[in-house]
Amino acid sequence: MPRPIHATIHTAALRHNLARVRQAAQDAKVWAVVKANAYGHGIERVYDSLRAADGFALLDLAEAERLRALGWRGPILLLEGVFEPRDLELCSRLGLWHVVHCDEQIDMLAAHKTQQPHHVLLKLNSGMNRLGFTPQRYRSAWARLNALPQVDEIGHVTHFSDADGPRGIAHQVEAFLSATRDLPGERSLANSAAILRHASAAQVRADWVRAGIALYGSAPDHPEHSAAHWGLQPAMTLATRLIAVQRLAAGDSVGYGSRFVAPAPMTIGVAACGYADGYPRHADTGTPVLVAGVRTRLVGRVSMDMLAVDLEPVLAAGVHAGFGSEVTLWGRAAHGGAILPIDEVAHAAGTIAYELMCALAPRVPVAADTERGA
Ligand SMILES: *Cc1c(COP(=O)(O)O)cnc(C)c1O
(Lines of atoms letter the chains of each structure in order from A; the text may use other names.)
(Lines give C-alpha, C1' and ligand atoms only; values in the text may rest on other atoms or scores of the structure.)
Protein backbone atom coordinates (compact mmCIF):
# COMPACT_ATOMS: atom_id res chain seq x y z
CA MET A 1 0.00 0.00 0.00
CA PRO A 2 1.31 3.49 -0.81
CA ARG A 3 1.76 6.04 1.97
CA PRO A 4 -1.63 7.40 2.95
CA ILE A 5 -0.83 11.03 2.02
CA HIS A 6 -2.75 12.53 -0.89
CA ALA A 7 -3.95 15.87 -2.20
CA THR A 8 -7.42 16.45 -3.59
CA ILE A 9 -8.40 19.26 -5.96
CA HIS A 10 -11.97 20.46 -5.42
CA THR A 11 -13.41 21.22 -8.81
CA ALA A 12 -16.66 22.73 -7.55
CA ALA A 13 -14.64 25.13 -5.36
CA LEU A 14 -12.62 26.28 -8.39
CA ARG A 15 -15.86 26.98 -10.26
CA HIS A 16 -17.30 28.78 -7.27
CA ASN A 17 -14.18 30.92 -6.81
CA LEU A 18 -14.15 31.89 -10.48
CA ALA A 19 -17.79 32.95 -10.19
CA ARG A 20 -16.87 34.94 -7.07
CA VAL A 21 -14.09 36.73 -8.99
CA ARG A 22 -16.50 37.52 -11.82
CA GLN A 23 -18.95 38.95 -9.33
CA ALA A 24 -16.24 41.17 -7.80
CA ALA A 25 -14.93 42.25 -11.18
CA GLN A 26 -18.40 42.79 -12.67
CA ASP A 27 -18.10 43.48 -16.39
CA ALA A 28 -14.35 42.85 -16.73
CA LYS A 29 -12.96 39.84 -18.58
CA VAL A 30 -11.06 37.40 -16.39
CA TRP A 31 -7.64 35.92 -16.98
CA ALA A 32 -7.38 32.75 -14.91
CA VAL A 33 -3.73 32.75 -13.83
CA VAL A 34 -2.43 29.18 -14.06
CA LYS A 35 1.32 29.75 -13.82
CA ALA A 36 3.43 27.32 -11.78
CA ASN A 37 1.19 24.46 -12.92
CA ALA A 38 -1.94 26.23 -11.69
CA TYR A 39 -0.32 27.13 -8.35
CA GLY A 40 0.51 23.49 -7.80
CA HIS A 41 -3.01 22.21 -8.54
CA GLY A 42 -2.17 20.91 -12.03
CA ILE A 43 -3.25 22.62 -15.25
CA GLU A 44 -4.99 19.51 -16.55
CA ARG A 45 -6.85 19.09 -13.25
CA VAL A 46 -8.17 22.67 -13.08
CA TYR A 47 -8.87 23.15 -16.77
CA ASP A 48 -12.46 21.95 -16.88
CA SER A 49 -13.45 24.05 -13.88
CA LEU A 50 -11.70 27.22 -15.07
CA ARG A 51 -12.50 27.08 -18.77
CA ALA A 52 -15.37 29.50 -18.11
CA ALA A 53 -12.65 32.17 -17.78
CA ASP A 54 -12.05 34.48 -20.74
CA GLY A 55 -8.39 33.59 -21.00
CA PHE A 56 -5.51 31.84 -19.25
CA ALA A 57 -2.35 33.63 -18.11
CA LEU A 58 0.96 31.91 -17.35
CA LEU A 59 4.68 32.27 -17.98
CA ASP A 60 5.97 28.97 -19.25
CA LEU A 61 5.65 28.20 -22.96
CA ALA A 62 5.41 24.48 -22.23
CA GLU A 63 2.37 25.19 -20.04
CA ALA A 64 0.83 27.21 -22.88
CA GLU A 65 1.29 24.19 -25.15
CA ARG A 66 -0.45 21.99 -22.58
CA LEU A 67 -3.45 24.34 -22.56
CA ARG A 68 -3.69 24.22 -26.35
CA ALA A 69 -3.39 20.43 -26.17
CA LEU A 70 -6.40 20.41 -23.81
CA GLY A 71 -8.36 22.12 -26.56
CA TRP A 72 -8.35 25.73 -25.30
CA ARG A 73 -8.74 27.99 -28.31
CA GLY A 74 -9.25 31.29 -26.48
CA PRO A 75 -6.60 33.81 -25.39
CA ILE A 76 -3.45 32.71 -23.58
CA LEU A 77 -1.18 35.41 -22.15
CA LEU A 78 2.52 35.06 -21.39
CA LEU A 79 2.87 37.26 -18.30
CA GLU A 80 6.64 37.73 -18.71
CA GLY A 81 6.59 37.70 -22.50
CA VAL A 82 9.26 35.91 -24.48
CA PHE A 83 12.72 34.98 -23.23
CA GLU A 84 14.45 34.39 -26.57
CA PRO A 85 13.68 34.97 -30.28
CA ARG A 86 12.48 31.46 -31.05
CA ASP A 87 9.74 31.81 -28.41
CA LEU A 88 8.09 34.20 -30.88
CA GLU A 89 7.69 31.34 -33.36
CA LEU A 90 5.72 29.42 -30.74
CA CYS A 91 3.65 32.55 -30.06
CA SER A 92 2.81 32.74 -33.78
CA ARG A 93 2.05 29.04 -34.01
CA LEU A 94 -0.07 28.82 -30.84
CA GLY A 95 -1.56 32.31 -31.12
CA LEU A 96 -0.21 33.44 -27.74
CA TRP A 97 -0.56 36.99 -26.51
CA HIS A 98 2.58 38.19 -24.81
CA VAL A 99 3.67 40.91 -22.46
CA VAL A 100 6.38 43.26 -23.70
CA HIS A 101 8.24 44.72 -20.76
CA CYS A 102 11.70 45.65 -22.10
CA ASP A 103 13.51 46.94 -25.19
CA GLU A 104 15.09 43.57 -25.88
CA GLN A 105 11.63 42.07 -26.44
CA ILE A 106 10.81 44.82 -28.93
CA ASP A 107 14.12 44.13 -30.72
CA MET A 108 13.19 40.44 -30.97
CA LEU A 109 9.78 41.30 -32.40
CA ALA A 110 11.31 43.70 -34.93
CA ALA A 111 13.56 40.88 -36.18
CA HIS A 112 10.80 38.24 -36.15
CA LYS A 113 9.48 36.94 -39.48
CA THR A 114 5.82 36.06 -39.20
CA GLN A 115 2.63 35.97 -41.24
CA GLN A 116 0.59 36.33 -38.04
CA PRO A 117 0.74 39.79 -36.47
CA HIS A 118 1.06 39.53 -32.71
CA HIS A 119 -1.21 40.63 -29.88
CA VAL A 120 0.97 42.16 -27.19
CA LEU A 121 0.43 43.87 -23.85
CA LEU A 122 2.87 46.63 -23.10
CA LYS A 123 3.86 46.61 -19.45
CA LEU A 124 4.19 49.73 -17.36
CA ASN A 125 6.45 49.75 -14.32
CA SER A 126 4.16 51.83 -12.15
CA GLY A 127 6.21 51.35 -8.98
CA MET A 128 6.73 47.62 -8.44
CA ASN A 129 10.17 47.91 -10.07
CA ARG A 130 10.18 44.37 -11.27
CA LEU A 131 9.14 44.38 -14.94
CA GLY A 132 8.02 47.12 -17.30
CA PHE A 133 8.87 50.45 -18.88
CA THR A 134 8.98 53.47 -16.61
CA PRO A 135 6.31 56.13 -17.18
CA GLN A 136 8.94 58.32 -18.89
CA ARG A 137 9.78 55.62 -21.43
CA TYR A 138 6.31 54.09 -21.88
CA ARG A 139 5.06 56.17 -24.80
CA SER A 140 8.21 55.80 -26.88
CA ALA A 141 8.06 52.02 -26.35
CA TRP A 142 4.44 52.09 -27.48
CA ALA A 143 5.32 54.14 -30.58
CA ARG A 144 8.11 51.69 -31.48
CA LEU A 145 5.76 48.71 -31.12
CA ASN A 146 3.00 50.45 -33.00
CA ALA A 147 5.29 50.98 -35.98
CA LEU A 148 6.09 47.26 -36.29
CA PRO A 149 4.24 45.24 -38.94
CA GLN A 150 4.71 42.20 -36.65
CA VAL A 151 2.28 43.71 -34.11
CA ASP A 152 -1.41 44.40 -34.56
CA GLU A 153 -2.96 44.82 -31.10
CA ILE A 154 -1.27 46.60 -28.21
CA GLY A 155 -2.89 46.40 -24.78
CA HIS A 156 -1.66 47.93 -21.53
CA VAL A 157 -0.78 46.17 -18.31
CA THR A 158 0.70 46.94 -14.91
CA HIS A 159 1.07 45.05 -11.63
CA PHE A 160 0.44 46.21 -8.06
CA SER A 161 2.92 45.84 -5.22
CA ASP A 162 0.53 46.67 -2.34
CA ALA A 163 -3.00 45.71 -3.36
CA ASP A 164 -3.18 43.52 -0.23
CA GLY A 165 -1.86 46.08 2.24
CA PRO A 166 -2.09 49.54 3.76
CA ARG A 167 -0.14 51.40 1.07
CA GLY A 168 -2.77 50.44 -1.47
CA ILE A 169 -2.83 51.05 -5.20
CA ALA A 170 -3.81 54.69 -5.73
CA HIS A 171 -0.29 55.86 -6.61
CA GLN A 172 0.13 53.08 -9.17
CA VAL A 173 -3.32 53.56 -10.70
CA GLU A 174 -2.51 57.24 -11.09
CA ALA A 175 0.79 56.44 -12.85
CA PHE A 176 -0.99 53.96 -15.14
CA LEU A 177 -3.80 56.33 -16.10
CA SER A 178 -1.37 59.09 -16.88
CA ALA A 179 1.07 56.92 -18.89
CA THR A 180 -1.68 55.28 -20.97
CA ARG A 181 -3.90 58.34 -21.44
CA ASP A 182 -5.31 58.55 -24.99
CA LEU A 183 -3.56 55.37 -26.14
CA PRO A 184 -5.86 52.81 -27.78
CA GLY A 185 -5.99 49.22 -26.52
CA GLU A 186 -7.36 47.12 -23.67
CA ARG A 187 -6.15 47.57 -20.10
CA SER A 188 -5.39 45.16 -17.26
CA LEU A 189 -4.27 46.09 -13.75
CA ALA A 190 -5.81 43.95 -11.02
CA ASN A 191 -4.51 40.78 -9.34
CA SER A 192 -6.65 38.90 -6.79
CA ALA A 193 -6.05 41.36 -3.96
CA ALA A 194 -7.02 44.30 -6.15
CA ILE A 195 -10.07 42.45 -7.49
CA LEU A 196 -11.38 41.74 -4.01
CA ARG A 197 -10.39 44.99 -2.31
CA HIS A 198 -10.40 47.68 -5.00
CA ALA A 199 -12.33 46.55 -8.08
CA SER A 200 -15.44 48.53 -7.27
CA ALA A 201 -13.56 51.27 -9.16
CA ALA A 202 -14.06 50.84 -12.92
CA GLN A 203 -10.53 52.00 -13.68
CA VAL A 204 -9.13 49.21 -11.49
CA ARG A 205 -11.34 46.53 -13.08
CA ALA A 206 -10.57 47.96 -16.52
CA ASP A 207 -10.98 45.48 -19.43
CA TRP A 208 -9.30 42.45 -17.89
CA VAL A 209 -8.51 41.32 -14.36
CA ARG A 210 -5.86 38.70 -13.57
CA ALA A 211 -7.03 36.32 -10.87
CA GLY A 212 -4.63 33.79 -9.38
CA ILE A 213 -4.70 32.97 -5.69
CA ALA A 214 -8.40 33.77 -5.22
CA LEU A 215 -9.31 31.03 -7.70
CA TYR A 216 -7.50 28.55 -5.50
CA GLY A 217 -9.40 29.64 -2.40
CA SER A 218 -6.85 31.65 -0.44
CA ALA A 219 -7.37 35.19 0.83
CA PRO A 220 -4.64 37.40 -0.70
CA ASP A 221 -4.81 39.70 2.31
CA HIS A 222 -4.75 37.12 5.10
CA PRO A 223 -4.64 37.61 8.08
CA GLU A 224 -6.53 40.89 7.68
CA HIS A 225 -9.28 38.92 5.95
CA SER A 226 -9.98 35.21 5.64
CA ALA A 227 -10.98 33.24 2.58
CA ALA A 228 -14.42 32.81 4.16
CA HIS A 229 -14.70 36.59 4.50
CA TRP A 230 -14.23 36.88 0.73
CA GLY A 231 -16.60 33.97 0.04
CA LEU A 232 -13.81 31.76 -1.31
CA GLN A 233 -13.68 27.98 -0.91
CA PRO A 234 -10.54 25.85 -0.55
CA ALA A 235 -9.57 24.25 -3.85
CA MET A 236 -6.90 21.95 -2.42
CA THR A 237 -6.92 19.51 0.48
CA LEU A 238 -3.76 17.86 1.74
CA ALA A 239 -4.62 14.86 3.89
CA THR A 240 -3.01 11.80 5.36
CA ARG A 241 -3.52 9.35 8.23
CA LEU A 242 -2.09 8.60 11.63
CA ILE A 243 0.45 5.78 11.44
CA ALA A 244 1.25 5.65 15.16
CA VAL A 245 0.04 6.83 18.57
CA GLN A 246 2.27 7.58 21.58
CA ARG A 247 1.32 8.09 25.19
CA LEU A 248 3.58 10.69 26.82
CA ALA A 249 4.30 11.29 30.52
CA ALA A 250 4.90 14.83 31.78
CA GLY A 251 8.43 15.82 30.74
CA ASP A 252 8.60 13.46 27.73
CA SER A 253 9.72 15.14 24.52
CA VAL A 254 8.67 14.73 20.90
CA GLY A 255 10.82 14.50 17.78
CA TYR A 256 14.14 15.99 16.69
CA GLY A 257 15.71 18.46 19.07
CA SER A 258 13.15 17.56 21.73
CA ARG A 259 11.46 20.75 20.69
CA PHE A 260 8.17 19.93 22.39
CA VAL A 261 8.04 18.73 25.96
CA ALA A 262 4.75 17.41 27.35
CA PRO A 263 3.65 19.60 30.31
CA ALA A 264 1.35 16.81 31.52
CA PRO A 265 0.51 13.26 30.46
CA MET A 266 -0.91 13.35 26.95
CA THR A 267 -1.55 11.34 23.80
CA ILE A 268 -0.01 12.30 20.48
CA GLY A 269 -0.45 10.92 16.99
CA VAL A 270 2.17 10.57 14.29
CA ALA A 271 0.95 11.55 10.82
CA ALA A 272 2.47 10.41 7.52
CA CYS A 273 3.38 13.85 6.21
CA GLY A 274 6.67 15.71 6.39
CA TYR A 275 8.67 18.41 4.69
CA ALA A 276 9.51 16.05 1.82
CA ASP A 277 5.79 16.22 0.99
CA GLY A 278 5.87 20.01 0.86
CA TYR A 279 4.62 20.60 4.38
CA PRO A 280 6.57 23.57 5.77
CA ARG A 281 9.36 22.56 8.13
CA HIS A 282 9.13 25.96 9.78
CA ALA A 283 5.66 25.15 11.09
CA ASP A 284 6.09 25.11 14.85
CA THR A 285 4.17 23.68 17.78
CA GLY A 286 0.69 25.17 17.65
CA THR A 287 0.23 25.12 13.87
CA PRO A 288 -3.41 24.08 13.31
CA VAL A 289 -4.28 20.63 11.98
CA LEU A 290 -7.48 18.56 11.87
CA VAL A 291 -7.63 15.00 13.17
CA ALA A 292 -10.86 13.16 12.35
CA GLY A 293 -12.25 16.59 11.52
CA VAL A 294 -11.42 18.07 14.95
CA ARG A 295 -9.08 21.02 15.17
CA THR A 296 -5.88 20.44 17.10
CA ARG A 297 -2.22 21.39 16.77
CA LEU A 298 1.14 20.25 15.58
CA VAL A 299 3.68 19.42 18.31
CA GLY A 300 7.46 19.35 17.91
CA ARG A 301 9.57 19.64 14.80
CA VAL A 302 8.34 18.51 11.39
CA SER A 303 10.46 15.60 10.09
CA MET A 304 11.08 14.62 6.48
CA ASP A 305 8.24 12.08 6.39
CA MET A 306 6.30 12.54 9.61
CA LEU A 307 4.89 15.08 11.99
CA ALA A 308 3.30 14.77 15.43
CA VAL A 309 -0.08 16.09 16.51
CA ASP A 310 -1.71 16.62 19.87
CA LEU A 311 -4.66 14.22 20.20
CA GLU A 312 -5.97 15.62 23.50
CA PRO A 313 -8.50 18.07 21.94
CA VAL A 314 -9.80 15.28 19.70
CA LEU A 315 -10.27 12.84 22.56
CA ALA A 316 -11.78 15.60 24.70
CA ALA A 317 -14.35 16.16 21.96
CA GLY A 318 -15.31 12.50 22.32
CA VAL A 319 -14.04 11.67 18.85
CA HIS A 320 -12.05 8.50 18.27
CA ALA A 321 -8.45 9.10 17.18
CA GLY A 322 -6.01 6.28 16.60
CA PHE A 323 -4.06 4.39 13.98
CA GLY A 324 -5.59 5.21 10.57
CA SER A 325 -7.45 8.33 11.65
CA GLU A 326 -7.78 10.99 8.99
CA VAL A 327 -5.43 13.98 9.33
CA THR A 328 -6.14 17.14 7.32
CA LEU A 329 -3.07 19.33 6.90
CA TRP A 330 -5.09 21.97 5.01
CA GLY A 331 -8.36 22.13 3.14
CA ARG A 332 -11.54 20.21 3.87
CA ALA A 333 -11.94 17.20 6.18
CA ALA A 334 -13.41 14.22 4.34
CA HIS A 335 -15.84 13.47 7.14
CA GLY A 336 -17.84 16.28 8.71
CA GLY A 337 -16.61 18.87 6.23
CA ALA A 338 -14.62 21.02 8.69
CA ILE A 339 -12.29 23.46 6.91
CA LEU A 340 -8.71 24.25 7.83
CA PRO A 341 -7.77 27.30 5.74
CA ILE A 342 -4.37 26.91 4.08
CA ASP A 343 -3.80 30.58 4.96
CA GLU A 344 -3.73 29.72 8.67
CA VAL A 345 -1.15 26.99 8.18
CA ALA A 346 0.98 29.28 6.01
CA HIS A 347 0.75 32.07 8.57
CA ALA A 348 1.83 29.75 11.39
CA ALA A 349 4.84 28.75 9.28
CA GLY A 350 5.78 32.35 8.47
CA THR A 351 4.87 32.09 4.81
CA ILE A 352 1.92 32.51 2.45
CA ALA A 353 -0.51 30.05 0.89
CA TYR A 354 0.99 30.63 -2.57
CA GLU A 355 4.23 29.03 -1.40
CA LEU A 356 2.56 26.02 0.23
CA MET A 357 0.44 25.29 -2.85
CA CYS A 358 3.40 25.57 -5.20
CA ALA A 359 5.64 23.51 -2.91
CA LEU A 360 3.42 20.42 -2.88
CA ALA A 361 6.01 17.71 -3.56
CA PRO A 362 5.93 15.48 -6.63
CA ARG A 363 5.77 12.39 -4.41
CA VAL A 364 2.28 13.38 -3.19
CA PRO A 365 -0.41 11.82 -5.39
CA VAL A 366 -2.93 14.43 -6.52
CA ALA A 367 -6.37 13.84 -7.98
CA ALA A 368 -9.39 15.97 -8.72
CA ASP A 369 -12.40 15.00 -6.62
CA THR A 370 -14.25 14.21 -9.84
CA GLU A 371 -11.62 11.52 -10.58
CA ARG A 372 -12.03 10.12 -7.07
CA GLY A 373 -15.78 10.27 -7.28
CA ALA A 374 -15.82 12.12 -3.95
C1 LIG B 1 0.85 35.88 -10.58
C2 LIG B 1 0.34 37.10 -11.22
C3 LIG B 1 -0.99 37.49 -11.07
C4 LIG B 1 -1.94 36.78 -10.14
O5 LIG B 1 -1.68 37.18 -8.83
P6 LIG B 1 -2.59 36.68 -7.61
O7 LIG B 1 -2.11 37.45 -6.46
O8 LIG B 1 -2.32 35.22 -7.46
O9 LIG B 1 -3.99 36.94 -8.01
C10 LIG B 1 -1.43 38.59 -11.76
N11 LIG B 1 -0.58 39.30 -12.56
C12 LIG B 1 0.71 38.96 -12.73
C13 LIG B 1 1.58 39.77 -13.60
C14 LIG B 1 1.22 37.86 -12.05
O15 LIG B 1 2.51 37.53 -12.20
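Even glycines carry a Cβ here, placed using N, Cα and C.
Going by TrEMBL, these are the annotated features:
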ACT_SITE  K35  active site, proton acceptor
ACT_SITE  Y256  active site, proton acceptor
BINDING   R130, M304  substrate binding site
DOMAIN    235-369  domain 'Alanine racemase C-terminal'
MOD_RES   K35  N6-(pyridoxal phosphate)lysine
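Counting in whole angstrom, K35 (active site, proton acceptor) lies 17 from R130 (substrate binding site) by their C-alpha atoms.
Its own atom aside, the Cβ of Y256 (active site, proton acceptor) has 11 Cβ atoms within 10 angstroms in the protein chains shown. The recorded positions K35, R130 differ in how many other CB atoms lie within 10 Å of their CB, and the one with the most is K35.
With respect to their backbone Cα atoms, M304 (substrate binding site) and Y256 (active site, proton acceptor) stand 11 Å from each other. Taking H, G and I as helix, E and B as strand and the rest as coil, DSSP gives the domain 'Alanine racemase C-terminal' (235-369) the counts 25 helix, 49 strand, 61 coil.
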